[in-house]
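To start, the structure under review is shown below, and the notes come after it.
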Amino acid sequence: MGEGEENGNEADSNERSLALSPTWSVAIVLTVFVVVSLIVERSIYRLSTWLRKTKRKPMFAALEKMKEELMLLGFISLLLTATSSTIANICVPSSFYNDRFLPCTRSEIQEELESGSTVKRNLLTKSLFFNIFRRRLDVIKRTTCSEGHEPFVSYEGLEQLHRFIFIMAVTHVTYSCLTMLLAIVKIHSWRIWEDVARLDRHDCLTAVAREKIFRRQTTFVQYHTSAPLAKNRILIWVTCFFRQFGRSVDRSDYLTLRKGFIVNHHLTLKYDFHSYMIRSMEEEFQRIVGVSGPLWGFVVAFMLFNIKGSNLYFWIAIIPVTLVLLVGAKLQHVIATLALENAGLTEYPSGVKLRPRDELFWFNKPELLLSLIHFILFQNSFELASFFWFWWQFGYSSCFLKNHYLVYFRLLLGFAGQFLCSYSTLPLYALVTQMGTNYKAALIPQRIRETIRGWGKATRRKRRHGLYGDDSTVRTETSTIASLEEYDHQVLDVTETSFEQQRKQQEQGTTELELQPIQPRNDCVPNDTSSRVGTPLLRPWLSISSPTTTIELRSEPMETLSRSSSLPSEKRV
């Protein structure tokens with residue numbers, strides 16, 4: 001009897017409610033939770049304030065998306081806590097619970113209960129959490145299901161799912177921050193190449209020297225300048241595949257792609273391509289930090305098909321590494337293709353300069369690679385979160401982690417794939433995807449984009465309030481002059497147009513926005529072999545239209561500028 005009473009008192013102490021708990025213990029626990037929550041909240045607030053002050057709007061948007069993700073996971077957690085007792089009291093016939101859709105067999109669970117394998121966990125875990133299998137037996141007493149029926153999901157199962165959501169949130173946010181940090185560090189290491197390239201901003205080099213620099217390609221191209229291996233497609237892919245494990249981008253690659261981008265979009269040689277690339281990557285980063293609906297669907301599908309004998313965790317560890325290698329090889333292949341075309345080793349009639357185009361990418365969509373990178377990063381964080389969850393909730397020797405060598409292999413693949421994707425693939429993507437047909441929205445200074453958005457909002461607001469008909473046009477009696485060269489020092493000079501220009505605008509029903517370059521000083525005298533001097537930033541005219549507003553960007557009518565995918569389609573009123 002004494003031993004039975006002692007066990008009963010121990011069980012009662014484990015299940016003690018707040019009414020029987022000392023007030024000091026409750027106050028201490030509450031204080032710890034409040035202090036930790038306030039520290040996290042204030043840290044996020046100060047980070048948001050710093051991003052706003054430094055005008056890093058893309059990074060601020062990415063942080064807001066991470067906060068939305070945490071809020072969503074917090075809402076799911078709160079919903080599970082509030083409805084756990086109700087769900088646990090939903091009873092279904094025991095015949096529905098067969099061994100077909102179980103991740104572990106009942107015999108394995110029984111062996112773990114008998115051997116007490118979970119008791120071998122470290123002292124910290126035992127002191128912080130109740131024994132998981134012992135509580136599983138205690139929960140049976142709480143259910144109200146009759147004989148022959150079982151809870152739809154047990155109370156303990158809902159608690160375990162609750163903890164998985166918490167681990168998933170922490171792991172995904174941590175992986176996202178590390179990914180951006182490693183990518184920024186890698187891209188900033190290219191800054192010295194940008195500074196060297198801008199030494200020729202006055203366009204003073206001779207044609208022979210410039211042609212030598214322009215044709216100075218990667219070691220890959222230099223190795224394949226002799227036929228017939230230069231046109232061997234299989235050898236090119238094999239070389240690109242192995243090159244991503246070393247120095248994925250060297251100086252000649254960067255200078256060549258930079259020159260190709262500047263020439264293709266008619267920018268001056270002094271344009272800061274490196275800063276534009278960082279702005280572009282920051283804007284795209286907000287697309288890879290969140291968890292979209294399809295990714296949540298992947299989590300649900302994994303929970304459904306993770307049955308005994310499927311080895312699903314092994315396959316989900318293989319998928320992200322495979323995708324990282326494929327994406328990295330494809331990006332290297334784009335560089336190799338452009339370099340070979342420039343060296344005259346392919347049949348593509350590219351002439352003497354690079355021809356960036358969407359056809360170089362899969363399905364003519366460079367943005368498809370970003371979606372794959374998003375899936376890779378989420379998959380890696382999900383793999384690590386699953387490991388921590390299994391080890392925390394079921395023990396290191398449970399049926400989920402029984403094969404230790406396979407667990408080590410999965411973790412090694414996950415860390416290697418994450419590092420390769422963050423430090424090599426993502427920076428390479430930021431550079432190579434600039435070789436698409438269209439430039440990205442980051443090329444346009446922020447103030448001009450805000451001005452265009454403001455006009456669009458004003459138009460929609462006036463139409464919504466019926467201030468003018470559908471055939472009306474929003475007119476601005478000013479001309480905006482800006483330079484794309486100095487992003488951090490943008491100047492919007494507003495000048496009045498002449499009466500004749502106003503009359504023409506009213507007749508044509510258009511609003512004109514002129515982008516004129518700041519003429520650079522020519523500190524050297526051009527000779528017969530030097531190329532053009534003082535090339536304007538935007539040569540062709542570009543029209544941005546909507547059903548009610550037409551905006552024209554005009555400069556010298558020389559070549560046709562490719563339309564950015566971020567701009568609406570052209571439509572004349």
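Including glycine, each Cβ sits where the backbone N, Cα and C put it.
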Would Swiss-Prot put Lys440 and Ala61 on one side of the membrane? yes
Counting Cβ pairs under 8 Å to the transmembrane segment (372-392), which of 20-40, 70-90, 164-184, 288-308, 412-432 comes out on top? 164-184
DSSP-derived helix, strand and coil totals, residue by residue, for the topological domain 'Cytoplasmic' (41-69): 26 helix, 0 strand, 3 coil
For the transmembrane segment (164-184), which partner among 70-90, 288-308, 412-432 gives the most CB pairs under 8 Å? 412-432
DSSP composition of the region 'Calmodulin-binding' (446-467), residue counts helix/strand/coil, works out to 19 helix, 0 strand, 3 coil
Short question: which residues 6 or more past the ends of the transmembrane segment (412-432) have a Cβ under 8 Å from it? 175, 178-179, 182-183, 185-187, 190, 244-245, 248-249, 253-254, 257, 277-278, 280-281, 284, 317-318, 320-321, 324, 327-328, 331-332, 334-335, 369-370, 373, 376-377, 380, 383-384
Suppose you look only at the topological domain 'Extracellular' (1-19); what would the mean pLDDT be? 53
